[in-house]
Amino acid sequence: MALIFHAGKTNKNSYKTLIAAEYSGVKVELAPNFTMGVSNKTPEFLKMNPIGKIPVLETPDGPIFESNAIARYVTRLKADNPLYGSSLIDYAHIEQWIDFASLEIDAHLLSWYRPRMGRAVYLPPAEEQAITSLKRALDALNAHLASNTFLVGHSVTLADIITTCNLYMGFTHLMTKSFTSEFPHVERYFWTMVNQPNFKKILGEVKQAESVIPIAKKPSQPKESAKPKPKPKDEPKKEAKKEEPAKPKPEAGEEEEAPKPKPKNPLDLLPPSKMILDDWKRLYSNTKTNFREVAIKGFWDMYDPEGYSLWFCDYKYNDENTVSFVTLNKVGGFLQRMDLARKYAFGKMLVIGSEPPFKVKGLWLFRGQEIPQFVLDECYDMELYEWKKVDITDEEQKERVSQMIEDYEPFEGQPLLDAKCFK
């Protein structure tokens, strides 16, 4: 009987087995027509894994589930497989790093990833804790890799396969370049691994995430059908509905109170502006080259100083920004909470500096001549910043606006750690 592998083709847990099989010369056949959410709920699949999770490997001796166990099984099918090292201590170290990759890397990546995908409740403090724990693990891994090309010995082992596959989800969905640059040896290790021929055959071209995946919005619940229930046969006639006392008619000169219409946002009542905010956002997003000549010039051509206002903001507590990822999380959380103003605003937030403490500065375009009151009332981050209205008659301030939109570097003499856009 051939080894039949029940799994999706783009699952990082499946990659572990498929890469190990390539190194070991073991033939593993993917189950034909496997469909996630359908195939893994059939009675036949649930006999192999009662909780319906993938991957599952069918073998002549029975099924195996759990991705690390399957990868181990496939590796052991080859006698004296170098993927398991050449000594008892190698074997122990390989198992050590497999456990580390599962408990210290994969577990914290999943705690960061699942809530953003809507598979768990999203709680900012829990996400921050997951990222802190992940950073601690990556620090340890980075220190080990400072003097080692591979995790164990001088060639690829099963520890490298499982660790790389666990890192794969982080690199492709969560960990941007600004995040991973703190761990240069981990970066070097990951890109070395994914470009090995046996890895590349399974993974294809790997691209790093340019931004953290956004938080999934909960789908609205469909309303229950308003169809009348069928009337049972032989149902006794209901008693005649008692007449409700008639509502007193309004006295002469009075009118019945009509339902109050939902109040409009005050910004919707402003005089029309020649600046169409969506046109500017589209120009910003679509300009890939000659940004200064195309997008910046286009912005000033579109800008309507009567219908919109520009504001600089500076974080009040920059001396507290001693950890880069915590600083980036602060800015990311601020932008999420500003979502209520998306229809009326455009913003750029810069995290500045190569060493802590990092400076956070921003530029915001708001509809109207003041910062909208509903934003000040509902977004508590606003009070964490000093706000200054831009005087566009001042050429220095105008140039500063252009540089912030452009992500000009060095900005005010310092490199940019990151630049985030609200649009």
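Using the three backbone atoms N, Cα and C, a Cβ is placed for every residue, glycine included.
Per TrEMBL, the feature compositional bias 'Basic and acidic residues' maps to 224-252. Look at TrEMBL and you will find 1-82 tagged as domain 'GST N-terminal'. If you look up TrEMBL, you'll see 87-215 marked as domain 'GST C-terminal'. Taken from TrEMBL, the feature domain 'EF-1-gamma C-terminal' applies to 263-423. The feature region 'Disordered' is assigned by TrEMBL to 213-271.
In terms of DSSP secondary structure, the domain 'GST N-terminal' (1-82) contains 33 helix, 15 strand, 34 coil. Confidence annotation: the domain 'EF-1-gamma C-terminal' (263-423) carries a mean pLDDT of 93 in the model. The DSSP breakdown of the domain 'GST C-terminal' (87-215) into helical (H, G, I), extended (E, B) and coil residues amounts to 89 helix, 0 strand, 40 coil.
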